[in-house]
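> Dumping the structure here so I can ask a few things about it.
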Amino acid sequence: TNAYREGKIYGIDASSGAAVMALGISPGDHVLDLCAAPGAKLCMILDLLGDSGSVTGVDAARHRLAACRTMLQKYKLGDRCRLFVADGTTFSVIPEGFRSDSE
């Protein structure tokens, strides 16, 4: 459709959408997406967060993370999501704006 070509809507398969909905994401949450490529779940998470909270996408393959970056740019969400090439089993970067009770 024209809306898809113009970057107004994105496609996501039902199982990926159901996985995101099962998280119960609310504005202000900090979400980590491991194995983030190709990026449709990142887009949906960002939509659910609105203007608050943070999203971090991690993938072990640089070329797969490039696909995420392309998708985020197409839908004008690239400035709202941090992306890292890293091993998800050892990734430990704290979300932007996150404050724990111990701080």
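The backbone N, Cα and C atoms fix where each Cβ goes, and this holds for glycine too.
Pasting the relevant annotations from TrEMBL:
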- 1-103: domain 'SAM-dependent MTase RsmB/NOP-type' (DOMAIN)
- Asp59, Asp87: S-adenosyl-L-methionine binding site (BINDING)
> Out of Asp59, Asp87, give me whichever of these binding-site residues has the highest number of other Cβ atoms within 10 Å.
Asp59
> Across the domain 'SAM-dependent MTase RsmB/NOP-type' (1-103), what are the DSSP residue counts per state (helix, strand, coil)?
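Going through the domain 'SAM-dependent MTase RsmB/NOP-type' (1-103) residue by residue, I get 39 helix, 16 strand, 48 coil.
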